[in-house]
Amino acid sequence: MNPVVLTIIISSLGLGTMMTFIGSHWLLVWMGLEINTLAIIPLMIRQHHPRAVEATTKYFLTQATASALLLFASITNAWSLGEWSLLEMLNPTSATLVTIALALKIGLAPMHFWLPEVLQGLDLITGLILATWQKLAPFAILLQLHPMLNSNLLLFLGVSSTVIGGWGGLNQTQLRKILAYSSIAHLGWMITILHYSPNLTQLNLALYIIMTLTTFLLFKLFNSTKINSIAISTIKSPLLSIIALITLLSLGGLPPLSGFMPKWLILQELTKQDLAIPATIMALAALLSLFFYLRLCYSTTLTMSPNSIYLSSSWRTKSLQPNLILMMATSLSILLLPLTPTIFMLTL
């Protein structure tokens, strides 16, 4: 892609997100979301492949529907209250419509149908942007509106997302679909705790972005899009395969890695709010997600792809070296658990 065009696209992504962050008027916030959506479409379709075209079309139609619903909700709220301010969402119907629209935008269950198919049709770098940066603007709105949103609706969206995210990834062999269902499950944890502790939502979102960034970069270095294609990662780079193992376990939420921290704090907060049953369901759903993370770990570090003795030795391939961004993201993905007491005090 032309560097000038790429610079304009990346700048537009940043501009749209910043407009949503700083905007207090509903039309300004809506414009920021639309700029975000339109800016990523050229990145999605740059491959000129039928799968990329299909994924881009699905993404555009879904985001257009969510944007129309969001605009309708804001107009309804302004009509009933005479106020366009973002923080004056006092109409219960409008607040519910905003929640549904933003859930559709980020891919929460049961509005998740588009995310696995869209992510499967993209390359890994564009998929990384879709799975991380594109979540920031909708979550900025949700964090500002959390006192006015229906807690029961948020709880339903969160619990169903954790269950469907874990269940949907069990039978997948495509890495991008597995990461899509992983994203759905993590978003479920964030939405569940949003009404009770928005600080925990921000913590979970930050750790999710760091761990997802590490995972996508590793798969990009391995040049892998299927489970069976990462079996030779140990041959390409033993160090990177070990990093991938630890990062995937952190995504699964195993102690003593960083990914355990938000799950621990969220389950603790839900129990304090007398929500033991949803907390139990989410803890059990996390085991479903852990199962397909362990499948990836097994394929990455404990298996090798079939290799004929008549072929040249596969260990003579060019060695892969981790870059600075990957090493920093990996460190944050696996080493933050000792900070839990301090973070717990900050989230009170």
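Cβ coordinates come from backbone N, Cα and C, glycine included.
According to Swiss-Prot, the protein has these features:
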TRANSMEM  3-23  transmembrane segment
TRANSMEM  25-45  transmembrane segment
TRANSMEM  67-87  transmembrane segment
TRANSMEM  95-115  transmembrane segment
TRANSMEM  118-138  transmembrane segment
TRANSMEM  149-171  transmembrane segment
TRANSMEM  178-198  transmembrane segment
TRANSMEM  203-223  transmembrane segment
TRANSMEM  240-260  transmembrane segment
TRANSMEM  274-294  transmembrane segment
TRANSMEM  324-344  transmembrane segment
- Message: If I count Cβ-Cβ pairs under 8 A between the transmembrane segment (178-198) and each of 3-23, 25-45, 118-138, 149-171, 240-260, which range comes out on top?
- Response: 149-171
- Message: Should anything in the same chain at least six residues away from the transmembrane segment (203-223) have a Cβ under 8 Å from its Cβ atoms, list it; otherwise answer none.
- Response: 124-125, 127-128, 131-132, 135-136, 139, 175, 179, 182-183, 186-187, 189-190, 193, 229-230, 233, 236-237, 240, 243-244, 247-248, 250-251, 258-259, 261-262, 265-266, 320, 322-323, 325-326, 329-330, 332-333, 336, 343, 347
- Message: So if I exclude everything within five residues of the ends of the transmembrane segment (274-294), which remaining residues of that chain have a CB under 8 angstroms from its CBs? That is, six or more out.
- Response: 155, 158-159, 162-163, 165-167, 169-170, 172, 178, 181-182, 185, 188-189, 192, 248-249, 251-254, 263, 266-267
- Message: Under 8 angstroms, Cβ to Cβ: which one of 95-115, 118-138, 149-171 has the largest number of such pairs with the transmembrane segment (25-45)?
- Response: 118-138
